[in-house]
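Feature annotations, courtesy of TrEMBL:
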type: TRANSMEM; residues: 20-38; note: transmembrane segment
type: TRANSMEM; residues: 105-122; note: transmembrane segment
type: TRANSMEM; residues: 134-155; note: transmembrane segment
type: TRANSMEM; residues: 167-198; note: transmembrane segment
type: TRANSMEM; residues: 210-234; note: transmembrane segment
type: TRANSMEM; residues: 254-280; note: transmembrane segment
type: TRANSMEM; residues: 348-366; note: transmembrane segment
type: TRANSMEM; residues: 399-419; note: transmembrane segment
type: TRANSMEM; residues: 491-512; note: transmembrane segment
Amino acid sequence: MWPLDPYRKEVLRFAIRCRVLTLMLQTVVLLSISLVSSPGDGALCQAFFNAIIPDHHAEAFSPPRLAPSGCVDQLVEGLLGGLSRWDAEHFLFIAEHGYLYEHNFAFFPGFPLALLVGTELLRPLRGLLNQRSCLLISVASLNSLFSILAAVALHDLGCLVLHCPRQAFYAALLFCLSPANVFLAAGYSEALFAFLTFSSMGQLERGRGWISGLLFALATGVRSNGLVSVGFLLHSQCRGFFSSLVVSNPLRQFFKLVASVCLSFLTLSLPFALFQYYAYTQFCLSGSARSIREPLVQLAMDKGYRIAEGNEPPWCSWDLPLIYSYIQDVYWNVGFLRYYEFKQVPNFLLAAPVAILVSWATWTYVTTHPWLCLTLGLRRNKNSKTLEKSSLGFLSPQVFVYLVHAVSLLLFGGLCMHIQVLTRLLGSSTPVMYWFPAYLLQDQEPLLRSPEVVPWMPLVEDSPSGQKVLRNSVMGLLYNWKTCSPVTRYILGYFLTYWLLGLLLHCNFLPWT
């Protein structure tokens, strides 16, 4: 039993409420779009909603529906169809048909495999639901589960790293209101990736390197940026190496370090390598291609999608034939500074808040611990014990490697990726995005400088007489919005605005990807 069990219970309770609310709001937005786009009376109402949610026809991947659709399927599509926008359609297609088109290999197999497991659990309902409906239900249920587990994992990780229960608690609550919330609910891989990443970080903090490495490898099979997580294993091994030099043979410890580093690289890169090899067998080796149904072949011809039975793609002749690099270059135009165009200014503005947040966190930490940062977190000054005792929470020395991870993702995403992806990239990968706002809330919000129990909330009815019960601090701040500090308003305003805007825009194929 964890000593901070009440915190975990409240995180779990709040995460469940946020997941349910997200799905409900998504359904309301989707039904509103369907109603205003259908012919009939109410021209004034339709004009009003079109002004709020304008019709938008995006050139997104939209494969044909091959399975017959019944009344129940249409109901599921009407309620959960908003979860299949943009990249989610790729994941659903891969789960249903496999990797048929070349550009499908931009999406890693971890999440589609999880969806297939979910559809197998719905096998008794196959008489009522077609495959797509089962996949949509799997998306809604599994991503809700993964998001809830990720919130709990983030709380546990915060307790281990921050050594400040309240900041860990606030950070987990903020994750439930993440600016990337719509992607944690929709058919994207972010929720599963966040759960695996936060869990693997927690296992590493507990000294369970093998379990951590396995979870990191699974995360790499879900999203490519999981490869960056090898830095956590390397930093942990280097710390162990320097701490053992005093009592052990240096040469022996050096060879042990080299072996551990090589093993870490092999473990985390294995899912990526196997995925690239599978693509090579499909497109570059004769006789390995799968049969494709005629409507899907016709779609490839109409849209110019490359299938395995066509001409051999140019990447097959590369010295290192990596389909992932080719797809990102040709299909998505991902590369150094390629997105720096005047027409992309709105997307840069969308990504500005998260970039400012991580940059602010970096400046705060580096100016507080310059020597720690100069020594890469491996060596501390003479007053290291005093430093550990005085610098709890976000300023803890253990946060250094997490900050480096966040900055690496920020730089790579800001310079080489589609900039609007930055919010969900950081929101599902680094705990710094939640630890630093939690630190600001505790440091600069007078309403949170009170005892552990929020004073403005009444006691629950079923509690023993006179016993104080832990309350949700973030909800308390929302109830007292007018008396909150400006920093609190900016943080909660940013989180809630992006949550609601994401639901509103993403469901209508507007550029919130």
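For all residues, glycine too, the Cβ spot is worked out from N, Cα and C.
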Query = What same-chain residues lie close to the transmembrane segment (210-234): Cβ under 8 Å, and 6 or more beyond its ends?
reply = 108-111, 189-190, 192-193, 196-197, 199-201, 203-204, 260-261, 263-265, 267-272, 275, 324, 401, 404-405, 408-409, 412, 425, 428-429
Note = Given the transmembrane segment (254-280), its same-chain partners at Cβ distance under 8 Å and 6+ residues beyond its ends are 99, 105, 108-110, 213-214, 216-218, 220-221, 224, 226-227, 229-230, 233-234, 237-238, 240-241, 316, 321-324
Query = Near the transmembrane segment (167-198), which residues from the same chain, at least 6 beyond its ends, have a CB less than 8 A from one of its CBs?
reply = 4, 7, 10-11, 14-15, 18-19, 22-23, 26, 82-85, 87-89, 91-92, 107-108, 110-111, 114-115, 135-136, 139-140, 142-144, 146-147, 149-159, 215-216, 218-219, 222-223, 226, 229, 353-354, 393-394, 423-424, 426-429, 431, 434-435, 437-439, 441-442, 448, 472-474, 491-492, 494-496, 498-499, 502-503, 506, 512
Ask   = So which of 134-155, 348-366, 399-419 has the most C-beta pairs under 8 Å when paired with the transmembrane segment (491-512)?
value = 348-366
Key: Tertiary contacts of the transmembrane segment (348-366) (same chain, 6+ residues out, Cβ under 8 Å)   = 179, 373, 394-395, 399-400, 403, 406-407, 410, 414, 419-420, 422-423, 426-427, 430, 432-433, 435-437, 494, 498, 512
